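Colleague: Sending over a structure as structure tokens; questions will come in a sec.
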Amino acid sequence: MVYETVTNPRYQLFSFACFLMMLSTAEVTGAKNSEDIRCKCICPPYKDVFGKIYKQNVSLKDCNCLHVVEPMPVEGKDVEAYCLRCECKYEERSSGTIKLTIIIYLSILGLLILYMVYLTLVEPALKRRLFGHSQLIQSDDDLGDQQPFANAHDVLSHSRSRPNVLNKVEHAQQRWKRQVQEQRKSVFDRHVVLS
Amino acid sequence: MRDRQTVAACPYFVMENAGYCDESFNSLQSGTSDEDMVEIAGATLDFSSTDDVPPLDRDYVSGYTSYNGVTEGVNGVPKLMDLLDEPLPGVGTYEDFNTIDWVREKSKDRDRHREITNKSKESTWALMKSVSDAFSGWLLMLLIGLMAGALAGGIDISAHWLTDLKGGVCLNGFWFNHEHCCWNSNETTFVERDKCPQWKSWAELIIGTAEGSFAYIVNYVMYVCWALLFAFLAVSLVRAFAPYACGSGIPEIKTILSGFIIRGYLGKWTLVIKTITLVLAVSSGLSLGKEGPLIHVACCCGNILCHVFTKYRKNEAKRREVLSAAAAVGVSVAFGAPIGGVLFSLEEVSYYFPLKTLWRSFFAALVAAFTLRSINPFGNSRLVLFYVEFHSPWHLLELVPFILLGIFGGLWGAAFIRANIAWCRRRKTTRLGHYPVLEVLVVTAVTAVLAFPNEYTRMSTSELISELFNDCTLLDSSKLCDYINVNITKSSNELADRPASTNVYMAMWQLALALVFKMLITVVTFGMKVPSGLFIPSMAVGAIAGRLLGVAMEQLAYYHHDWVIFRGWCSPGADCITPGLYAMVGAAACLGGVTRMTVSLVVIMFELTGGLEYIVPLMAAAMTSKWVADAIGREGIYEAHIRLNGYPFLEAKEEFSHKTLAMDVMRPRRSDPPLSVLTQDSMTVEDVETLITETSYSGFPVVVSHESQRLVGFALRRDLTISIENARRRQDGIVSTSRVFFTEYTPPQAPSSPAPLKLRSVMDLSPFTVTDHTPMEIVVDIFRKLGLRQCLVTHNGRLLGIITKKDILKHMAQMANRDPDSILFN
């Protein structure tokens, strides 16, 4: 079982992806920017002093009222009573993780939007331009006949140097499109699955 | 690794009798038999073989001692006259929208395990293989936990950022949301905790000022525009790439875990699209949550990672064990509740939950929770946004309002289910369902326009729940906590009950309006063609109701502390009523009323609060809401959606209480044509193919002969078609007039007759049978406990008919006076 999984290219791809994920997680949690730690003290109103929030970039051992609340608004013996009401919390965050996540998310979203625009607008326009309107209709209906598509994509790609790989990719893409079309029919048109 | 299939392709749908064929002879690397419908020989192909005349150089007379399938030819070279030794690729797999055969899958796994154990005694390498095979389950759980935790962290961070993007941008770095933008700033004040110069609202960016009515209008317009943009992107991506990614996912996962196959539902594209569009849908301000879709995302991760391990890829029953664990992982990352996740998977989602899965699910849930914590999406190493930390005590008399909240939750749950199912049925059957994109946009527009003026609906629902769960201390300055501070001499942060100021009353009015709004809009939102979850909106409704009741009780106790009910325990100056607790109990009650969860709900809420003190109120409310809701309508929201879609889900919790017998349910009925059977040795290939093409049954019993009708076994349609097609292509001499033998020993053939086709290997030799007088209670019990797909009915030892799962579901529907034609799938 292990031998089979190790030689499986899918397994290799997955292990690489998992490794990348873990590496990025480890890296961003390991680094501690000084801007990414803080001690936040919330002090409620006391006598005639208004409530205030104090923040400082100190470490965990210094995170208490005496270190963080500066300048101290009350004097002498009131300080202890004032500090007893304040609540100080130590917080950490990882701005690197946030930045990385948002950038990854936006790039994937952008790629998907571009691909969607290509599939819905650009590809039919290209095909129509190359093959005329009639063949487009015919090849839409006749799902079993692969020939027009094979010809079309050969011509579009302008290269016959590695027909096997391109044919495979084209074939996989056609199969995927058919599946999505079937799914769309079940879900959106016939309302058979997923109300 | 049997990846390549070079047979002709013809995917089937049971729903439509006419399949369409794809004559692609390129090697279809369909190792992922889940993604593409595994393409098999189809009924519309031309069955006439090119060589009808058997080749003359074969010697059939002497070479025909069929001894376990290997025949010796003249030269002594063994000819494989059938393929008993190697299973054909495709045999043993299932078609889309069909039910698996649990018994067969489990016995396949036992055989595989036995073979590995036997071989492990031979060499060290085989021993290592057996150890790694045992270890592979744990490795798979680890990977699922890591992947799901990472994805959930990413979803949380992105959703927070996109939600805040509707309000403004951070100039420090556009990737920061509002809270993180002002994280280090010293300009936040006690009253306005969010203010800082780096965060600019859209009004500030566009027109320069942040105050005034024009700025308000600009903010309003930008909010609505962003919401519409997000919703439009979400629904277009779902429609263009993965239509299976819409909805909550839990009803379909329940059906899949009970043995149904929906190809592509847990695939790569569904995972990617669901993750991306979930963030968009949540950020657009719609009244939906992300817990249900997170369970779907986790199950997709589980399914995809199953393909890495052979043990789980080839066996559908083992895969469903992994999917049960993945569902637990989903709840664990959604709520930060690993134990609650396992119990949720056990109670709500899974059908068969072996004990081994319990420990592994818990392990996976813990790994996922740990991964999420290390990503730290909320900046305070908490897993969930609304983690509460108060530990104030409650009094026994408060059980009365808690039970009231339970009744409210039950009533609301039953009403919501009725309304939502009616709306979804309208979407399925009328013209409303023809315009999904327009529907999403209209609902988003209405939600955004109505939600912006009220600050409690403008903030995201998780933030609202978090604020409602929070108990007011001196450190809080929100409108809800603006009490009149009388006599503060105590230095502790625990406060006595105080009278409310006008701000609190205004907040109560706004909350009441928000309650009505949320109750109505969620009915329309759940089930739209974007990923939508139900947990958070239900909890919000319950939390608002609970908080209103809690503040009312608090003020009652303060102003009338001399009443009998308050006198003993709520003297002035004591902190007796905690509105935050009422909000929590209300949230649990409403969630329980909608989903009918029991143990898992209490454990999830208890893990959210971290305290054992509140188990009794939570249980009281959950039980009351379940009883009240069950009295009104039997089904929870997920079972109701399963029934609406007609999935073949045999409900494990319902009892069958009618006195019908097996012969009342079996097919064929009296007016039907007789049962289509195969005989064990008197049919030709052509007869079998005709039988397969003329009927649409998914399996045929094999009998000794038409006269005796004594049962030999059961053969599935798909296996038969694959074997026949493969035999025609690969084996020599198989023609339309070849005899088909299901027996163990084939008699010697005359030299002029064509070679026989032995199909004993595809036949199931141990089909389940019941007699015709078996009560249906027992038959239904057998189907449930064993996971059967069909069961043969005999009378005096002779085959009489067949009962399939679909027949049972139709019968149950008929007995309950429902429409039996609503069961759509097989």
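Counting begins at 1 with the first residue displayed.
Yeah, the Cβs are placed from backbone N, Cα and C, and that goes for glycine too.
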Colleague: Given the ranges B:197-219, B:266-288, B:565-587, which one is assigned the annotation transmembrane segment in TrEMBL?
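Modeller: In TrEMBL, residues B:266-288 carry the label transmembrane segment.
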Colleague: According to TrEMBL, which of these ranges is transmembrane segment: B:5-21, B:294-310?
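Modeller: Going through B:5-21, B:294-310 one by one, TrEMBL flags B:294-310 as transmembrane segment.
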Colleague: With a cut-off of 8 Å between Cβ atoms, can you find at least three pairs linking the transmembrane segment (B:322-346) to the transmembrane segment (B:220-245)? Only pairs 6 or more residues apart in sequence count.
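Modeller: No, the transmembrane segment (B:322-346) and the transmembrane segment (B:220-245) are not in contact.
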Colleague: Residues of the same chain, at least six outside the transmembrane segment (B:534-553), with any C-beta under 8 angstroms of its C-beta?
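Modeller: Contacts with the transmembrane segment (B:534-553): 248, 287-292, 334, 398, 401, 404-405, 408-409, 412-413, 416, 456, 461-462, 464-465, 468-469, 480, 500, 504, 508, 511-512, 514-515, 518-519, 522, 525-526, 577-591, 593-595, 637.
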